[in-house]
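Engineer: The structure's right below; bear with me while I get my questions together.
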Amino acid sequence: MDKLNNKIQQKKIKKNDLFALRQLLPYLKQMKVRIGIALVLLVLAKLANIAVPIALKEIVDTLDEKNILLILPLGALFAYGLLRLSSALFNELRDALFAKVRYQTMRLIAVKLFEKLHQLDLSFHLSRKTGAITKDIDRGTNSISTLLSIIIFNILPSLFEVVLVITLLFWQYEFSFAIISAITVVSYLAITLFITNWRMKYRYQMNDLESEATTKAIDSLINYETVKYFSQENTEVNRYNATMQKWQKIAIKSFTSMTLLNFIQSSVIAIGVTLILIMAAQGVIDKTLSLGDMIMIQALLLQLFLPLGTLGIVYRQIKRNLIDMNNMFYLMKQKTLLSDCEKVLKITKTEIEFKNVNFSYHSNRNIIKNLSFKIGSKQKVAIVGASGAGKSTIAKLLFRFYDVNDGEILIDNQNIKKVNQKSLRDVMGIVPQDCVMFNESIFYNIAYAKPSATLEEVIKVAQIAYIDDFIQNLPEGYQTMIGERGLKLSGGERQRLAIARVLLKNPSILIFDEATSSLDSHSENEIQTALNNLSENHTTIVIAHRLSTIIDADNIIVLEEGQIKEQGSHEQLLKNKGKYADLWELQQKKRK
């Protein structure tokens, strides 16, 4: 069974290698001329390198002769130095020329992947592990540079040099020299490929465990306060340590198997070199070879086996980098569940209609059940209900973060599934429950809704959101950095920034999802006045828990388990003495 699993794993690895290389090729084709010139420089460098032992042979043979003229070895010595210099020059030119290939490919793929991640739907991002993805992206982009460097600077030069050396030995000396060299090289490569492929299962396991450890670490640190609240520092350390212990166990297996491979590789090279040098020494004794020939053969073997000695390490690096690249390209191949259209949403009246909508996050339970309602142009509609009734889901469906299972959502009689997602979201603005901010300045976060906004425009909306005084009193004002996820600010301050941001966007449709839930009573009244003024010229949806904030709504929809329990104005619903009236009475008692 283990042998069968190993074979399946090796087939999977080979398939993944080909997948990663196929994904890389289109980016390299964009710079094929530059790559071609780099390869020409590589060939010139290796030709100069191979000529060095020939020059060395001439020097030794000349010095070994009787009655030599001083000018002869000097000429050969100058040729030796010139060849060394030429080889170094061609190598450096190749490196300089190929730098753009490496770094441009890294940039193009990194940007493409970042763009792809933003194209994926919300369900992917809710199920993803941030630590694992960032690890895959980081390792994947770095592996591109490493892999290209290895191929151009190690693999191709080494293979070309192997062919040149074996050809030269065959052409210049006995057939047996070339045969033994070829057998040594083939044996070395075969053993290296076989054992390395067998070892790669450890690398896959290490990658998975590294991603798991990173995810646990990031998750724990993001929830730093929760850990402190419940004194669970030891629990978090133990969880992290448990994963790292698994990683350590696999890492030791990987390293010990590598030492075995290194010993076998060294043994193969030692045997091959020893046999060839014995034959060369015998040739010198038999006068069939000169002392210069002996030195040349030794120099050629050094040039052959020194790079070959690192080929095993290089091959392991290639396999590891292909794994990292494969994980990254797998992300790039993820398919979104939401298809986009080219048709642009055309706004006329900003009327919204939910028509027989059914929706479930998971197939076993509907969150929204046969929901139908209309919102007229510039109407203010409130949606209330208990937690889990589906209030916030309505906002997500309207933004088309998900597609409905049945029914349709219309804006000005246009099905939102059949219009461009950007054009849809451009006409809407939301103040969400959880107002997460970027780790940037206050100005950046407010102006995010309108990147071309001036400071004066940002200050104006901040004043309307009653946050300007707070910002002006900060040492760096609007350039104050607010920390990761805006954690340097209180919940109320983040909510005011979110309100200022949506005010700056000034969209046709406004959605307030518990927009004042993090504010005190005084601030809530101030913000509520601003929101009411803003809502007058916009179609507005207010998702609220505090019923006192929506008494002026044109229509109030009471949701219960994803269905409309009742709807009407505040006065009508109180007269009905239904669910809404019960909630109102309960909240009034709490306020008293």
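Cβ atoms here come from the backbone N, Cα and C positions, even for glycine.
As annotated in TrEMBL:
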DOMAIN    37-320  domain 'ABC transmembrane type-1'
DOMAIN    352-586  domain 'ABC transporter'
TRANSMEM  35-56  transmembrane segment
TRANSMEM  68-90  transmembrane segment
TRANSMEM  147-171  transmembrane segment
TRANSMEM  177-196  transmembrane segment
TRANSMEM  260-283  transmembrane segment
TRANSMEM  295-315  transmembrane segment
Engineer: Apart from its near flanks, which chain residues at least 6 from the ends of the transmembrane segment (147-171) lie with a Cβ under 8 angstroms of it?
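Structural biologist: Cβ under 8 Å, 6 or more out: 24, 38-39, 42-43, 45-47, 49-50, 94-95, 98, 101-102, 105, 177-178, 181-182, 185, 297, 300-301, 303-304, 307-308, 310-311, 314, 317-318, 321-322, 325.
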Engineer: Given the transmembrane segment (177-196), which of the listed stretches 35-56, 260-283, 295-315 has the most Cβ pairs that are under 8 Å apart from it?
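Structural biologist: Of the candidates 35-56, 260-283, 295-315, 260-283 scores highest.
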Engineer: Mind checking which residues reach the transmembrane segment (35-56)? Cβ under 8 Å, same chain, six or more beyond either end.
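Structural biologist: Contacts of the transmembrane segment (35-56) (Cβ under 8 Å, skipping residues fewer than 6 from its ends): 28, 76, 79-80, 83-84, 86-87, 90-91, 93-94, 97-98, 101, 152, 156-157, 160-161, 164-165, 168, 292, 295-296, 299-300, 303.
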Engineer: Mean pLDDT over the domain 'ABC transporter' (352-586): what is the value?
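Structural biologist: On average, pLDDT over the domain 'ABC transporter' (352-586) sits at 87.
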